[in-house]
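For 1-58, 73-94, the entry in TrEMBL reads region 'Disordered'. Here TrEMBL flags 41-58 as compositional bias 'Low complexity'. The compositional bias 'Polar residues' annotation in TrEMBL covers 74-94. Per TrEMBL, the feature repeat 'PPR' maps to 232-266, 267-302, 338-372, 373-407, 408-442, 443-477, 513-547, 653-687, 688-722, 723-757, 758-792, 793-827 (among others).
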């Protein structure tokens, strides 16, 4: 049927006349007299290991200097700590970018603590004289020397009214100095075994919460024995929120239990914070249900933040059914969902790539007169791009404007990031330009997405331009920016630069958080440094951060690069035993690991779970399944996964189409290969270099060398640039047909284009000459290879020996083996003995 729809026809015109082959007696040579000089041997062709990459080949030092300049010119809001044990961080910038692009105001309400202490009218008349004098001295002292100043007036500080002093500094807007003073007081009071006044702690907790100094809060309460103080529930809620924001979930849970033991009545905000804690901690659905029951029994009515937080927790864990059941249960009890709750549900389906369900949520919102906002559309954009519908997602930007909802930085960033991940960097950059032309100011998330995209392609000059643009827009780098730099160095295998960037990151005031540790584990894994990856894992635990699914995925990513599926299975089992639910990324990494390790059964096992409905068939997972089967050369597995992709309504990308075309070509299913070419164009995609190379390979395997060359010519006519693979494929096509003169012609074209041949090129010629019994040309080519710094390998010599033996010239074969060391002095004795045994084996057979 497919043959009738897509007949096996040439897609391009075929030459009607072919050059007349040279007579067999004419000598064919590859030497400077008959071919153009070879291009110079490039650095990357010398097989240097990744770790030896220097700043000459990759100017990371310049890039890092640009980033440091922007960091210094746009310093984050931070406080230099008065003690090395309590480093303060730019926590106002520590909001982590979320793949789901859910706005921060959909999460947890920041505890409101405005009623702490006495009302302050802005005047300092309430201060005693000694406080006023002390404030004057504190204001005169530079921040960097405050610690020494406090030490010098230690006794005066311990005698002054601390509450008045701290309030005075805060009234003057010097909250940073108030916090530094409080840090110093905590350390010194603790040393002196004296107890702080609870009102002082409550007041400073208010200040810390108001200024989003979450890490400082958590560090201080690692020192302050909270069981010795009776703070009100709002103060404890602020501390809980701080623990939640920096990822110290176990500490938050322990503090919450203490608050309940003290008999304090948790407020709605307290419970919302704890729901967020369990949601971020993961593997905590049962704990969330217990909290919801407690809230009901305490007579607390759920608000939108309660509902959205619970649904968002389901999204993180991939609990689609639980999210729908919770949402339906709310409606049955009379709860009328608002925009925030609907957006959270939309995010759950969007994150899973189920755009049909996401659209149904949007439809329900409209039916219930619940107006969609920018977050709604942002989640819908994310749902489309995760299902492979990039153009549809990008088109929603226009739809938003028509509906009176202006696209914001998150909208554009989602589209830019999607195009970047699809390998369409120029398209992503054009949207960045469109974003600025529309008057939408890029934020740090936008820049981070572009830097990550450019970093993967080593487009360093453009990265430096982007960092300069950040400086122009006064957009300070954040921890994610530095994490992106770490990831880029890890992707390139530059371990020494990973260490260097990590050092500079900390010198700019960014201490590692859980995401940083996860990035470092992944980076060191890519550098094949299992020791450092394990060390980062241990340091993360020691720093008080709880491992999460992302941590396990980082470990799996390192193992997938080596194809160590046994170790990966061990990590996977440990992950599940600790209650973590594997994500689509987890299963994708396992598929990569199995395919890299050649474990076809492992791939088939995960595929069966997907097809049986035990694992949700997301676009990402089905795409990975296709590519994993491709690596395993499993035609049947690829076809089944491709059918599932289409059945679920997902759109294949060019990588999928190219893989399908290639597998069909290798299996001589030319009608199916033409079908893939038709689908590429039908889906609005343009064939790329990989597509053309696959077509050339298809014709080469079919013995249609002229058609292979036609594809090569058409590639160049369409503005494409053939690579070494392109020329090698066409050379192989001619050599297999014994048309050596045409192969040499293509060879000359290749070198004229500045492309240097590799060992595969020469071995192809060796095979062609040997098959035709042209052993004089073979010997000349061996000399040519050595002369041009491409020494023959064992396969080269095996091919020649097999040619002699096929011609029944066994003595010539043995003589050739014995004379190898005369031309190639570097060839080892052990390989020489194997070649001799090969000749003897052919004689005996």
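In case you wondered, yes, glycine gets a Cβ from its N, Cα and C as well.
TrEMBL entries are annotated by machine, without manual review.
When pLDDT is averaged over the repeat 'PPR' (373-407), the result is 83. For the repeat 'PPR' (338-372), same-chain residues at least 6 beyond its ends with a Cβ under 8 Å from one of its own Cβ atoms are 99-100, 102, 105-106, 304-305, 307-309, 311-312, 314-315, 318, 320, 323-324, 327, 330, 379-380, 382-384, 386-387, 389, 403, 405, 584, 616, 618-620, 649-650. Beyond the ends of the repeat 'PPR' (267-302), by six or more residues, the same chain brings 107-109, 111-112, 233-234, 236-237, 240-241, 243-244, 247, 249-250, 252-253, 256, 259, 309-310, 312-314, 316-317, 319, 322, 330, 335, 546, 548-549, 578-581 to within a C-beta distance below 8 angstroms of the stretch. For the repeat 'PPR' (373-407), residue counts in helix, strand and coil come to 26 helix, 0 strand, 9 coil, using DSSP. Counting residue by residue with DSSP, the repeat 'PPR' (513-547) contains 26 helix, 0 strand, 9 coil. As a summary of secondary structure, the repeat 'PPR' (408-442) carries 26 helix, 0 strand, 9 coil according to DSSP.
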